[in-house]
Every structure is written in C-alpha cells, then in structure tokens.
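Accompanying notes for the structure given below.
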C-alpha cells in the first residue's frame, strides 16, 4: 500500500510538471527556443533582484525509516540571490543561485531558471499564487559535489514582494521525497 501511494505521489507531481510545461512556452516557437528566449530576457532585462532565504526541508515520513528522519537536518540555513521579471501574461520568470545546509547538514548549492503561471484571485492584486517548474543543477556532498541536473515542480503563495515558494523532490524509499521551501523577497 505504501509503495502504491509513493508511486501515485511521484506520478502526480510529474503529471503537474509536464501539464504546465506547454504554458511556459509560446505556441509559435519550439519549446527550446522559447525557453532560451525567456532565460535570455530574464538575464538581460530583469525587473527585480531577489533574496532567497531557505525555510524548511521536510522528509516525507511515509517514505523514510524513523532512525533516518531523526538524524536529518530539516532546518536548512543559507541564502541565495536571483533576478526576476513578470511577463506580459503576469507569469513569473527567475534566475537564481542558492546555497543551504542539506539533510546531512552539508552545504548544497543549487541554481537555475524558474517559471510560474501566476494567479491573482483576490481583488487585492498584491496577493498571488503560482504553479510552475524549475530547471537547473545542484551538487551534494554525498555525491562528491558532481553537478546533477534538476527538473522540479514549483508552487508559491505571496503578497507583494514577499513570496513563500516551494518544491517537492520525488524519490524512492529512504531517498528523496523531500518538501523544500524558502522565502523569496523581491527588490
């Protein structure tokens, strides 16, 4: 039963990621050209600079032995910097680099491009929610700091320049299955 729940959860996250991918890319161009253009525009014409502050990592208890979760660090401290912009549809694009203490309390850098389809469901335009993805690379101590590509879902809720942004890293038993969240302050 736990295995079925685990696979359902992983497949759900993958489905959401791939369901949102086409919205990030224009219908006129291929997805790679659109991605390249969005990254380039975010790099060359940022509207904001962002401060990233890691808030929490949580290891899904259904996917880990208790003795492992008892040893893991779930309070990552660190910081990051980025630049971002809002496109003409109101969607968020960002380039970022962040370093934080991982599950083993070792430094883990991550950097990449993020995109979120953004909704402003209230009359107050400052309140916003988003769903999207991030693509980039990370490196970990237990993998000898060899860069590893990442493609992960993103979700956020925010008010004005402060956004609580999060992802879920899928995995297998005693590996992965981690919720990771951070604050993003836009300047």
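Every residue, even glycine, has its Cβ placed from backbone N, Cα and C.
What Swiss-Prot says about this protein:
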- 1-26: signal peptide (SIGNAL)
- 59: active site (ACT_SITE)
- 68: site 'Role in lipopolysaccharide recognition' (SITE)
- 102: active site (ACT_SITE)
- 103: active site (ACT_SITE)
- 173: site 'Role in the phospholipid gating' (SITE)
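Locations of recorded Swiss-Prot features on the structure.
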residue: 59; record: active site; DSSP (3 states): strand
residue: 68; record: site 'Role in lipopolysaccharide recognition'; DSSP (3 states): helix
residue: 102; record: active site; DSSP (3 states): coil
residue: 173; record: site 'Role in the phospholipid gating'; DSSP (3 states): coil
**Q.** Least buried by Cβ count (within 10 Å) of the recorded positions 59, 68
**A.** 68
(Q) Cα-Cα, whole number of Å: residue 102 (active site) versus residue 59 (active site)? (A) 11
**Q.** Integer Å distance between the CA atoms belonging to residue 103 (active site) and residue 59 (active site)
**A.** 9
Q. Near residue 103 (active site), which residues of its chain come within a Cβ-Cβ distance under 8 Å, counting only those 6 or more away in sequence?
A. 57, 59, 72, 73, 74, 178
Q | Candidates 102, 173: member of the recorded positions with the richest Cβ shell (10 Å) | A | 102
Q: Round to a whole number and give the Cα-to-Cα distance in Å for the pair residue 68 (site 'Role in lipopolysaccharide recognition') and residue 173 (site 'Role in the phospholipid gating').
A: 11
